[in-house]
Amino acid sequence: MTKEEYLNDWKRSRAYTRNVMEAMPEDRADFRPADGMMSFREQLLHILYAEEWFLRGILENDWEQRSEFTAENHPDLPSVKAAYPSASERHWKWIEGMEDLEELVKTPLSDQPIPKKTLLRKLVGHEIHHRGQLIVYLRMCGAEPPAYQV
């Protein structure tokens, strides 16, 4: 997969995630199916948090766990919605600027170095995984999920 193909897939995936986010009534953003699980809002923040962590690690070998995408910084669904466009654009630019997707990267995820392109695929897979959970949350709250987008 070329970087351009990856970016197109990522952009479509992110658009679908945004549509899922828009489908949740704001007063249900803190819904969680069970104690100990992330809320709808926290799931959305986790997607951005993990994405930033992955990309900073790939680009700068900085795997420290830190992020602006916390529940404290984004206490409601409107603040999460407001964060998505700028974060997505920043992450897009970071990916767009990447060179040599075959290059191996040392990560805390494995004892073996992993190619950048594999980490990028896993990043989209991570978003898909959490978006699936968000769709279940929508249904549990009586909200209609958006139609699947290819």
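Cβ atoms here come from the backbone N, Cα and C positions, even for glycine.
Under 8 Å, Cβ to Cβ, and six or more positions away along its own chain, His130 (divalent metal cation binding site) finds Gln43, His46, Ile47. Look at TrEMBL and you will find His46, His126, His130 tagged as divalent metal cation binding site.
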Query raised in the report: Here are some binding-site residues: His46, His126. Which one has the most Cβ atoms within 10 Å of its Cβ?
Result: His46
Report summary line: Other than His46, His126, His130, the chain contributes near divalent metal cation (Cβ within 8 Å of their centroid) the residues Gln43, Ile47, Ala50, Glu127, His129
